[in-house]
Amino acid sequence: MAAHLWLRAECKPLERRAHLTPEKCKELVDAGFKVTVESSDQRIFKNEEYASIAGVEVLAPGITWEKAAPKDAIILGLKNLPYDDTSPISQHHVFFAHAYKDQPGAKEVIGRFTRGGGAILDIEYMLNEEGKREVAEFSPIAGQVGMALGIAGWCHQQLGERMPSVSPYDSEALLVQHVQSLLKRLAKKKGVAEVYPTIIVLGALGRCGKGSLDMAKKIGIPKSHIAEWDLEETKAGGPFKEILNYDIFVNDIFLLSKIPPFLTKDMLDTDDRKLTMVVDVSCDIGNPNNPVPFIENATTPTKPVDVLPLSKCSKPLELMAIDFLPSMLPREASLRFANKMTPCLMKIAKMDEAICWSSAKKAFQDKAKEFGLI
């Protein structure tokens with residue numbers, strides 16, 4: 001018997017991506033799945049697009065999984081659930097829980113599921129036969145958007161402006177055009193034909209890093225202006241004073257264990273640096289192993305950058321740490337994600353036989369045991 005898939009409405013403001021697209025819902029219904037969709041006005045795909053598919057149940061506004069989902073439903077989402085709700089959860093949830101790297105509140109999040117008899121199937125821990133992530137389609141887009149917005153923020157900074165709020169772009173092309181227009185404005189102000197920042201990318205060989213480099217190329221940043229660092233360049237361990245010699249530092253690493261910091265606040269508290277913009281695509285804020293520990297709070301699309309308070313210098317240091325960058329390209333991100341996730345969902349009824357699901361289930365059980373919850 002095929003499973004019951006329940007697409008929940010995202011609870012984070014400005015999160016417009018969808019775990020399932022209308023097209024993929026049709027494929028799942030045709031394969032025998034029961035598909036329920038919660039109503040959402042902020043989702044990139046309209047409720048009517050889902051309702052037009054025969055066999056898809058679109059719920060009335062206000063009806064949610066907490067109130068109506070049966071125990072055997074598989075709840076599909078993206079971002080983490082509210083931390084202030086501690087009620088037990090009885091269903092299996094497929095989403096990014098952000099609870100396996102000792103983040104604040106992690107034990108409480110996992111405890112909701114162990115007490116209710118449910119389980120987290122964390123998308124980040126869905127592996128393939130080679131032990132690599134099976135569904136990592138947001139990572140390149142996060143890298144792309146982080147690079148684009150980081151360059152945009154640097155342009156506003158150099159223009160003497162505060163970076164305004166940002167909102168989702170209808171297409172990647174519009175995002176590229178926006179950044180290119182800012183670079184042209186800056187060049188005009190400086191009285192030169194063109195101007196480009198120098199950029200150092202850490203984690204350049206990973207999914208996020210490749211996305212960042214791809215976006216820099218599309219914007220037109222010369223390759224000579226970009227330093228690409230990965231494991232080889234960082235194997236000696238930080239901090240790395242070389243980072244101070246670039247206009248923009250983009251952190252694209254996938255954090256697996258404790259490593260020395262890439263930079264410290266003391267290193268930044270000087271006018272003897274070129275660096276004025278740090279873009280933290282990885283956003284491991286709250287993780288005790290975070291290699292950019294001076295970033296203590298996430299920024300938001302409403303306020304994309306914070307200024308790091310420094311006492312010994314006059315040169316600014318701005319921080320960008322938006323923890324849902326792919327949401328800035330919600331349609332493209334959702335299409336890419338759903339294309340990769342749907343083949344896994346087709347196997348979810350036989351969870352123990354599919355490595356993508358058994359690996360995620362094991363990760364949940366291992367963390368629950370570590371916390372003494374099972």
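Cβ atoms are placed via backbone N, Cα and C, with glycine included.
Automatic, uncurated: that is what TrEMBL annotation is.
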Given TrEMBL annotates Gly206, Arg207, Asp230, Thr234, Ile322, Asp323, Phe324, Leu325 as NAD(+)-binding, which of Val176, Val278, Val281 belongs to that site as well? Val281
For a quick check of understanding: among the binding-site residues Asp230, Asp323, which residue's Cβ has the most other Cβ atoms within 10 Å? Asp323
Separation of alpha carbons, Leu325 (NAD(+) binding site) and His98 (active site, proton donor) (Å): 15
Per-state residue totals over the domain 'Alanine dehydrogenase/pyridine nucleotide transhydrogenase N-terminal' (6-145) - DSSP helix, strand, coil: 40 helix, 23 strand, 77 coil
The record names Gly206, Arg207, Asp230, Thr234, Val281, Ile322, Asp323, Phe324, Leu325 as the residues that bind NAD(+); what is their largest Cα to Cα distance in Å? 26
How big is the Cα-to-Cα gap, in Å, between Asp323 (NAD(+) binding site) and Lys79 (active site, proton acceptor)? 10
Cα separation, Lys79 (active site, proton acceptor) to Asp230 (NAD(+) binding site) (Å, whole number): 28
Cβ neighbours within the same chain of Gly206 (NAD(+) binding site) - under 8 Å, at least six residues apart: Ser139, Asp230, Asp252, Ile253, Phe254
